[in-house]
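Per Swiss-Prot, the feature GTP binding site maps to 17, 20, 21, 22, 23, 34, 35, 40, 66, 123, 125, 152. As annotated by Swiss-Prot, Mg(2+) binding site applies to 22, 40. As annotated by Swiss-Prot, S-palmitoyl cysteine applies to 199. As annotated by Swiss-Prot, S-geranylgeranyl cysteine applies to 203. Residues or ranges marked as N-acetylmethionine by Swiss-Prot: 1. Residues or ranges marked as phosphoserine in Swiss-Prot (evidence: similarity to another entry): 144. Marked as cysteine methyl ester by Swiss-Prot on the basis of sequence analysis: 203. Sequence annotations record features per position, and here Swiss-Prot assigns motif 'Switch 1' to 31-45. Swiss-Prot lists 63-80 with the feature motif 'Switch 2'.
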């Protein structure tokens, strides 16, 4: 455990098969992109430490298969999570339509009601868009989620998605526990009104 790490957070990435969950994870953790990346079998897991507004957090990021046959993994997968990234493909409307199913699953299996959710519309680098940005934003607002559009291929919005999610988690009292409570760690906050950090207008904090 690093002495300067404020906390360790469990982050989940969920969504239909083929929406780019693993690609987003690899872009964020390893800064790589593989257009031929195979579908996840079961659960993948990566760890990355980031600093948000002066607060360093270690992220344990779980990437799960979107296929129905792997749903038996669900209960243990959701247990203890503080943040969820729900991904759809902006070029496949069916993945957007099925977001409600994923939210229902989240409500069923999540062990707490103050979990922070981020909606990500992936693959904005492609031209054959079927889901408008405003549709994603409207859905996110309806369900009190953070929202961003991104591209794992070009890296647009990827870093921002994780940073905004972590920032919101840290700002939520009781959602996480400090691993340095006896070391006098002081939680720092971004100045009020400073706005979207490095998002460049991508993120909407709702």
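The first residue you see is number 1, and the count goes up from there.
Just so you know, glycine gets a Cβ as well, placed from its N, Cα and C.
Positions of Swiss-Prot features highlighted on the structure.
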| residue | record | DSSP (3 states) |
| --- | --- | --- |
| 17 | GTP binding site | coil |
| 22 | Mg(2+) binding site | helix |
| 125 | GTP binding site | coil |
| 144 | phosphoserine | coil |
Cβ atoms within 10 Å, counted per site: which of 17, 23 has the most, among these binding-site residues? 23
Among 17, 21, 22, 23, 125, i.e. the binding-site residues, the one with its Cα nearest that of the residue listed as 'phosphoserine' is 21
